[in-house]
Amino acid sequence: MSEQDATALVLFSGGQDSTTCLAWALDRFARVETIGFSYGQRHGIELDCRARLRDGIAQLRADWADKLGCEHTLDIPTLAAISETALTRDVAIEMGADGLPNTFVPGRNLVFLTFAAALAYRRGIRHIVGGMCETDYSGYPDCRDETIKALQVALSLGMARPFELHTPLMWLTKAATWQLAHDLGGRGLVDLIRDESHTCYLGERGARHDWGHGCGRCPACELRAHGWRAYVGGGA
């Protein structure tokens, strides 16, 4: 297997989904690098969690520690400058007239994947892994399978490189995502994700629940909590 085919770049935010995807990639590729983005988001809690999660995941399995490669963080503040959303402004979370919550940052995943592909191109990496999902999600159009497939074609044509965008969570519920984490890394990985990853839109780390830290009221917390309860209840 060539180095291009043996290496993956994971979009790693510090949340539940991206941490599960990191474990998924470590289970399948010989070397895995991670990339995160500082885009002027409302809080930087997830970014702060990333180092602890990388350290923790490396301690779970020696082979994962050996495979875990470079970490990259890109600054793209322009995304926040052109986005009036609840993830980039201190405003209440609510539904918009278009049926999308105002947590939707237009083009965010498209921008992330494009920057990831540009970095992957420079580093000779063909495989890019993201935690997009259209099963338990808020209707974000840039999380849809058809969007990711179309972008894979565009990036491959635009850079003359046969990129493959992997979305292992695309058809999984949040309960099934918890189960996948258990299948990959046992209780140790589940506990690491529960205790150290961050999902809450409001950046709340003070409150501790059985499913992890968060306000417990925002859509992201509610989705994570519902998935946890279904997982522990055997409904994954």
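Yeah, the Cβs are placed from backbone N, Cα and C, and that goes for glycine too.
Features reported for this protein in Swiss-Prot:
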- Phe12, Ser13, Gly14, Gly15, Gln16, Asp17, Ser18, Thr19, Thr20, Cys21, Leu22: ATP binding site (BINDING)
- Cys200, Cys215, Cys218, Cys221: Zn(2+) binding site (BINDING)
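Looking only at Cα atoms, Cys218 (Zn(2+) binding site) sits nearest to Gln16 among the binding-site residues Gly14, Gln16, Ser18, Thr20, Leu22. Reported as a whole number, the C-alpha separation between Phe12 (ATP binding site) and Cys221 (Zn(2+) binding site) equals 19 Å. Put plainly, the binding-site residues Leu22, Cys200, Cys215, Cys218, Cys221 were compared by Cβ crowding within 10 Å, and the winner is Leu22. A coil conformation is recorded for Gly14 (ATP binding site) in the three-state DSSP classification, outside any helix or strand. Sequence-distant neighbours of Gln16 (ATP binding site) (same chain, 6+ apart, CB under 8 A from its CB) are Lys174, Thr177, Ile193, Ser197, Thr199, Gly212, Arg224. Annotated pair Cys200 (Zn(2+) binding site) and Thr20 (ATP binding site), C-alpha to C-alpha distance, rounded: 17 Å. The DSSP secondary structure for Leu22 (ATP binding site) is helix. The C-beta environment of Ser18 (ATP binding site), restricted to residues of the same chain at least 6 apart in sequence and closer than 8 Å, consists of Val10, Leu11, Phe12, Gly130, Gly131.
Of all Cβ atoms in the shown protein chains, 23 besides its own fall within 10 Å of the Cβ of Gly14 (ATP binding site).
Neighbour density for Thr20 (ATP binding site): within 10 A of its CB lie 26 other CB atoms from the protein chains shown. Close to the recorded Zn(2+) site, the chain also has Thr199, Tyr201, Leu202, Glu204, Gly214, Gly216, Arg217, Pro219, Ala220, Glu222: residues not among Cys200, Cys215, Cys218, Cys221 whose Cβ is within 8 Å of the site's Cβ mean position. Summary of the ATP site environment: with the site residues Phe12, Ser13, Gly14, Gly15, Gln16, Asp17, Ser18, Thr19, Thr20, Cys21, Leu22 set aside, the chain residues having Cβ atoms within 8 Å of the Cβ mean position are Val10, Leu53, Gly131, Ile193, Ser197. Every protein chain shown contributes to the tally, and the Cβ of Phe12 (ATP binding site) ends up with 29 other Cβ atoms within 10 Å. Separation of the C-alpha atoms of Gly14 (ATP binding site) and Cys221 (Zn(2+) binding site): 15 Å, rounded to the nearest whole number.
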